[in-house]
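Asker: Got a structure for you, written out below as structure tokens; questions coming shortly.
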Amino acid sequence: MEGKEEDVRLGANKFSERQPIGTAAQGSDDKDYKEPPPAPLFEPGELKSWSFYRAGIAEFMATFLFLYITVLTVMGVNNSTSKCATVGIQGIAWSFGGMIFALVYCTAGISGGHINPAVTFGLFLARKLSLTRALFYMVMQCLGAICGAGVVKGFQKGLYETTGGGANVVAPGYTKGDGLGAEIVGTFILVYTVFSATDAKRNARDSHVPILAPLPIGFAVFLVHLATIPITGTGINPARSLGAAIIYNRGHAWDDHWIFWVGPFIGAALAAIYHQVVIRAIPFKSRS
């Protein structure tokens with residue numbers, strides 16, 4: 001009997017150490033996770049690498065396709081005489097969000113799938129990529145957007161001119177401040193989602209599935225469009241706004257164009273600061 005009691009006692013205490021749960025479990029993972037070093041500000045060696053230019057081409061093509069599909073969708077809605085005869089605002093939002101989902105999925109392994117200068121700017125502030133790469137991405141994104149809108153106009157010039165070409169403007173009844181605020185908050189939501197979905201620390205955990213990252217990013221774009229299309233037509237992407245404005249090239253398309261650069265860049269900067277300083281507390285970790 002004593003032997004059996006000893007076996008029971010040993011069995012009950014075989015795993016004497018308590019397993020951490022909740023935040024405690026995350027704390028144990030934190031000890032094993034090592035923060036990747038920040039990207040250098042300038043990386044001249046990138047200019048000699050084919051992967052650098054391949055990534056830029058991927059950004060160009062993705063933004064080209066993004067503008068092509070979304071501008072056509074906007075034109076179709078604006079050309080309709082009845083809300084029931086077209087996809088409406090919900091369809092426009094699905095078009096933008098769905099394209100971002102598909103294009104991020106296709107290009108994430110090549111360029112990171114930014115497709116947006118504001119996203120690139122936010123990731124640059126977080127030292128996720130060099131200034132060299134960030135500037136190259138932004139140029140290629142803008143060129144892709146211009147070409148995408150240009151192809152749409154080439155196919156349907158008359159309809160493009162009469163429906164506004166998908167250019168972003170502050171809607172009547174709203175002030176410039178309203179438009180700027182909508183762009184700041186909308187871009188904050190998008191870029192914060194990008195940071196959360198692509199967080200290397202989360203990728204290191206077994207419970208996180210990196211292949212699903214495009215889904216929340218695309219869904220964030222969808223939701224922001226639902227909320228802000230009535231205010232600004234939803235920019236949150238300076239390349240998208242620039243491409244449509246250049247090809248449409250009417251006076252009112254340029255009246256408030258600065259909003260669609262200043263707003264997204266402020267929103268991206270705030271999202272980068274919030275994620276890196278508040279959520280991840282990276283500056284404080286470096287001091288410890």
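Glycine is treated like the rest: Cβ placed from N, Cα and C.
Swiss-Prot lists 1-37 with the feature region 'Disordered'. Per Swiss-Prot, the feature transmembrane segment maps to 57-77, 92-114, 135-155, 177-197, 211-231, 259-279; the stated evidence is sequence analysis.
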Asker: Under an 8 Å Cβ to Cβ limit, what residues of the same chain, 6 or more beyond the ends of the transmembrane segment (177-197), are close to it?
Answerer: 116, 118-119, 122-123, 126, 170, 212-214, 216-217, 220-221, 223-224, 227-228, 231-232, 234-236, 256, 259-260, 262-268, 270-272, 274-276, 279
Asker: Answer yes if the transmembrane segment (92-114) and the transmembrane segment (211-231) have at least three CB pairs under 8 Å among residue pairs 6 or more apart in sequence, and no otherwise.
Answerer: yes
Asker: So if I exclude everything within five residues of the ends of the transmembrane segment (135-155), which remaining residues of that chain have a CB under 8 angstroms from its CBs? That is, six or more out.
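Answerer: Long-range Cβ neighbours of the transmembrane segment (135-155): 52, 55-57, 59-68, 71-72, 75, 111, 114-117, 120-121, 129, 165-166, 238-240, 242-244, 246-248.
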